[in-house]
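K.L.:
Below is a structure I'd like to ask you about.
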Amino acid sequence: MRIVVWVTEGTWQACVDTARDLPATAVTLVHVIDPDTIEAIGGARAGLLGRGLTGDAGTLAALTDGQTRLLDAAEDRLGRTARRDPRHGRPEREVVAACAGADLVILARDGDRSRLGPRSIGPHTRFVVDHAPCQVLLVWPDTPPDPATLPPPHR
Amino acid sequence: MHLDAAAGLLVLAGVLGFAVARPRGLPEAVAAVPGAALVVAFGLVSWSQVRDEVVALAPTVGFLAAVLVLAHLADEHGVFGYAGEVIGGLSRGSPRRLLRLVFVLASIVTAVLSLDATVVLLTPVLLSTATRIGVRPRPHLYACGHLANTASLLLPVSNLTNLLAFDASGLSFTRFAALMAAPWLAVVAVEYAVLRRVFAADLGTPAPATTPAATPRTPPPWYAIGVLAATLAGFALSEPIGVHPAWIAAAGAIGLAVPRLTSTPAAEARRLVSAANLPFGAFVFALGVVVLAVRAGPVGDAVDHLVPGHAGLLGMLGAAVLAAVLANLVNNLPATLMLVPLVAHQPGLVLAVLLGVNIGPNLTYVGSLATLLWRQVLHSRDHPPGAGEFLRLGALTVPACLLAGVATLWASLRVF
């Protein structure tokens, strides 16, 4: 079984732990740098008219360093060799693209973890769940909420 | 007369277009100074008007240079790096806690050391803090970018727009701060509520089991923090004894520079001159002259007609909205230079204009429509930035911030 693990800040540990317990023939760790993060800094600099500011001020380098550290930590935690797939682009689309040829993608819920429900899945995660060209394993990043948090049925 | 107006506008468009596009990375002053010479050559502005404008702007530009040097030296003393370590530790890896700390830190840094310090010096530190403790950096960077504008309402030193309006407003440093304190808190609260909701998913991830060290590895830069605190106190205390706050900023900068000048004085002095950003000062002078030419013509008259005459609640709202629209059309520096003289007779309207020019730029996130369009053209071949998300955030925050800001400013003017 070829497994893709979406490594993203805050939830990667649960995904890697899940992958470790599965009979994988190959594991790919994918992490995506979102250009919007770079633009958040670039845009603010561009807004300072007249200051002679240029470039992205090392933003991409800082993000790439963070990406490398995160993939290192994920591979360490996995305890076996994995293929690393560092990407740059819209996260939801890059992850779907990284799933090509895989049997399973493992990703985690992000958002409201206090109750069961659709708000426990952020927009990017939802896009991947909806569009992944393989089986999807959606894990809670920590202890799942109590079943009592289930909303009452519509009348 | 109409030809004159067209010439003035054309020069202003050329100066701003150059500043937005920055061909070959040349400083903005390269077009602005000849632009100013051109409006004088056309006879749109007389030499005596130029002299008056330069004399009027000189304290502001001096103040600006001193604050830029002060922020640069605070960074060299490790103030921002230390602050990043402190909030990284205090967050204990929780993205929501980190966001609250980022809000506090970015609001204070912007207010005390100006928006330039937040954008240029603090934001990279927070990016490295976020990646180091393993939280998604995006909400925190957006917060910084937005707060650089909205949190720059508090003090005259917080934004060049405030400095430009400060002398015209006739307010003292402390009264300016007292009137703007409530609007400042209100708009920061609005920003927090919106960002917290928009980035609920990114902020909802759990803190890792192994959290970063709570105590920073580097010792606190007490000397620099002390000088900054003394400078801040000096701003409030100097005016009653007749000392312009620009001198206090300069004294603070000297206080921070002295310990660094002892080892390699020549190299350090060069760095200080570069931090003072003299081409930016030249740009402000030249832009002031070019805008003077536009303001003296029919465009100035038209804007004057739009400016409310009375600082009531509706008048202030009108002034703030007009300023925000103008800031998004031509960027907030020319908008301020254009509007402030037209409202200088009423402090309430001056402050309302500042709400508009300071909050407004968040609507397009890059300060103006021209800059936004230019960036879209620049990036159209590689990764076009996802402007949709930025614009949505701006559309959610800017109108709400303007309303909250004007309402609290109106109430403040009744109380103080």
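Positions of Cβ are set from backbone N, Cα and C atoms, glycine also.
Under the heading domain 'Citrate transporter-like', TrEMBL lists B:26-345. Marked as transmembrane segment by TrEMBL: B:31-47, B:54-74, B:101-127, B:139-156, B:176-195, B:275-297, B:309-330, B:337-357, B:390-413.
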K.L.:
Would the transmembrane segment (B:275-297) count as touching the transmembrane segment (B:176-195), i.e. at least 3 C-beta pairs under 8 angstroms with sequence separation of 6+?
P.N.:
no
K.L.:
Name the range, of those listed as B:54-74, B:139-156, B:309-330, B:337-357, B:390-413, that has the largest tally of Cβ pairs under 8 Å with the transmembrane segment (B:101-127).
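P.N.:
Highest pair count goes to B:139-156.
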K.L.:
Examine the transmembrane segment (B:31-47) against the transmembrane segment (B:309-330) and state whether at least 3 Cβ pairs sit under 8 A, considering only residue pairs 6 or more apart.
P.N.:
no
K.L.:
Give me the stretch from B:139-156, B:275-297, B:309-330, B:337-357, B:390-413 with the greatest number of Cβ pairs under 8 Å to the transmembrane segment (B:54-74).
P.N.:
B:275-297
K.L.:
Would you call the transmembrane segment (B:309-330) and the transmembrane segment (B:390-413) in contact, using three or more Cβ pairs under 8 Å, pairs 6 or more apart in sequence?
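P.N.:
Touching, yes - the transmembrane segment (B:309-330) and the transmembrane segment (B:390-413) meet the threshold of 3 or more Cβ pairs under 8 Å.
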K.L.:
Sequence-remote contacts (6 or more beyond its ends) of the transmembrane segment (B:275-297), Cβ cut-off under 8 Å?
P.N.:
1, 4-5, 8-9, 11-12, 15, 19, 27-29, 32-33, 35-36, 39-40, 42, 44-45, 49-50, 53-54, 56-57, 60-61, 64-66, 68-69, 72-73, 160, 303, 333-334, 337-338, 341-342
